[in-house]
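Reading through the structure tokens given below for one structure.
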Amino acid sequence: MSPKARIMTVLGSRPFLTLLVVAAVWIVASFATRGFGAFGHLRYLVELAAVIGLVAAGQTFVVIAGGIDLSVAAIVTVAAVGLPLVSSSADPTGLSAILLVLTMTTAIGLVNGLGVAYLRVHPMIMTLAMATFLQGLLIIIAGGSAVSLQNPLVGWLGNARPLGIPAGVVLWIALAAIVLFVMHATPFGARIFAIGANPRAAELSGVPVPATTIAIYGVSGLTAGLAGVLVLGMNGQGYVGIGDPYLLASIAAVVLGGTSILGGLGTYAGTIPGSILLVTITALITVVNASPGWRSILFGSLILGLLLLSGREAARR
Amino acid sequence: MSVVPSNSGQRTGRLYWSVQAGRNVGVRGLFLVVLAFIVAYGFLFPGLFTMAGFAKFTQSWFPLALVAMAQALLMLTGGISLAIGATVSLGAVIAATTMVGPLGVAGGSALVAATGLGIGAITGFIVVKLRLPAIVVTLAGSFIIGGAALLILPRPGGAMPEWLSDLLAGNTPAAFLLLVVVVLLWKLYLATPLGLSLYAAGENPVGAYRSGVPVDAARIAAYALSGLLSTGAGLFVAAQTGSGDPVIGAAFTLNSIAAAVLGGIGFLGGQGTMRGALAGSLLLSLMISVMFFLGFTPVAQYVAQGLIIIGAVALPQFRKVQR
């Protein structure tokens, strides 16, 4: 491909278009509402988007592989509620608790993967049942009350701003780099696209489908756990239901970023502006100062409208 | 699996019933499990076999049966809806705000039905004609529909005519009779051209289209009927509770999918039968009641429900692999 053609491909790609939409919305909103375009406000939006971006990282993997993970909200909550409970005073940095929680959420994801790969339960059912299961578990461990945070590292992650950039955003950038590398430059990434496009063909071509599937759901559990840790740091306390908004947000971010919900097609590079777009929409709706009903209607309509612009499937005949 | 009874005049009764029996093969195991649960339930709660007990049980099952049918209808055409819960809520608040007003029960019911049909038809149009993925459209739709429910009734309230609540949720098996009527109507619908196209549109849309089946119309009609069933369930829930609640339907989205899948409906379209979906919803409903009578804590109920659903879905797959 000539350099010019390559540039044209990038300019015409879905991730770039989503980025353009975000830029357009930001510019228009900055002129329309006072304070929207302030650096502090935009930085705050990106900080909020980081949580969605983390959850959506795993979701992007799962969706590209032709599945869907409906347990991410429950996993975020498990991480946010579980972390204060496993934090011990013996470890002054709080790192051990974070690692323990991330191991736990990864294990939850791996169980999802086992169910999908070996029990051949449809991903939607497997992860929904897992979410139901975790909901019960959460009531046991948290008893319905909020738990406050006493973990220095998590607090730093949620509040610190090295060089003016929120630590959560730094974490997001680092994770995004890893995810993009794994997705587009490793055999593992290639296998995910192969499974999503045609699992049978992938299997016959020698792709270890069950192992890859299990790994994908494990990744989703890991990134959802990371998001839970971050949201706990930003919030200061964890409670049952803290992760609920992130299920729909993660799926919407993935789809708005141009990843096909049918699998086999997409990139995390689109999910990143997708997450920011989603947070921007929510912020704008809050600015409008409407009743909860109208806010919900506006949110749904805007997502539907954006989908009409970009998310259409090819004609099947 | 997708043998649809022909509506040609010279069909013999014997052929019809043998075809129907053939369609039971996949769900026979499920029927046995349901039967076992009914026996267990009757053992724990002998009142089930009195008129009042039967009425109460069928009333707790009825809304779940309706939403399971609504979801199964879509899944048979290869679609899915994540907006069922919100649609149930909308049906409930419309019923609770109109039926005691000037519109009366007839006007209120008509409005509930028209809303369901309209919402479903619009959703179907967006999914089918604008070619957007059903999961995402209905996800966004659940916000719009849920928002509309919040606009009509920002907090639980409204009222239902007392005689209607007594009729539907009193000590008469009216809910069961209604369900029988709904099932008969479903059978009738399957005999219409649109109903006949339903399975074909789900199993092989391209092939069906090339054979002249009205695939798009069948799919849009399925969404419209699904909306109607969902708001109908909402009306019933409002009658049961005597008032409207803008978020009362939330749990139905998940449960409708679980019931349909338990009943052997496939995600890819064209696989499964409505009687399977009904049995699935009955199993789910029985499961919840039996766990309640056994004194399970809500926590244990969640855990057990998750395990049972996975087990019930995974077991038939194991048998398939062994074959």
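Keep in mind that glycine also has a Cβ here, set from the backbone N, Cα and C atoms.
Caution: TrEMBL annotation is automatic and unverified by curators.
Per TrEMBL, the feature transmembrane segment maps to B:25-49, B:61-94, B:106-128, B:135-154, B:174-199, B:220-241, B:247-269, B:276-296, B:302-318.
Listed as Cβ neighbours of the transmembrane segment (B:174-199) (distance under 8 Å, sequence separation of 6 or more from its ends, same chain) are residues 2, 4-5, 7, 54-55, 58-59, 61-62, 65-66, 69, 73, 76-77, 167-168, 208, 213-215, 217-218, 221-222, 225, 229, 236, 270, 274, 278. Contact between the transmembrane segment (B:276-296) and the transmembrane segment (B:61-94) is supported: at least 3 Cβ pairs lie under 8 Å, counting only residues 6 or more apart in sequence.
The transmembrane segment (B:135-154) makes no contact with the transmembrane segment (B:25-49): fewer than 3 of their CB pairs lie within 8 A, with pairs spaced 6 or more apart in sequence. Counting Cβ pairs closer than 8 Å to the transmembrane segment (B:106-128), the top stretch among B:25-49, B:220-241, B:247-269 is B:220-241. Segment contact is absent for the transmembrane segment (B:61-94) and the transmembrane segment (B:25-49), given fewer than three CB pairs below 8 angstroms at sequence separation of 6 or more.
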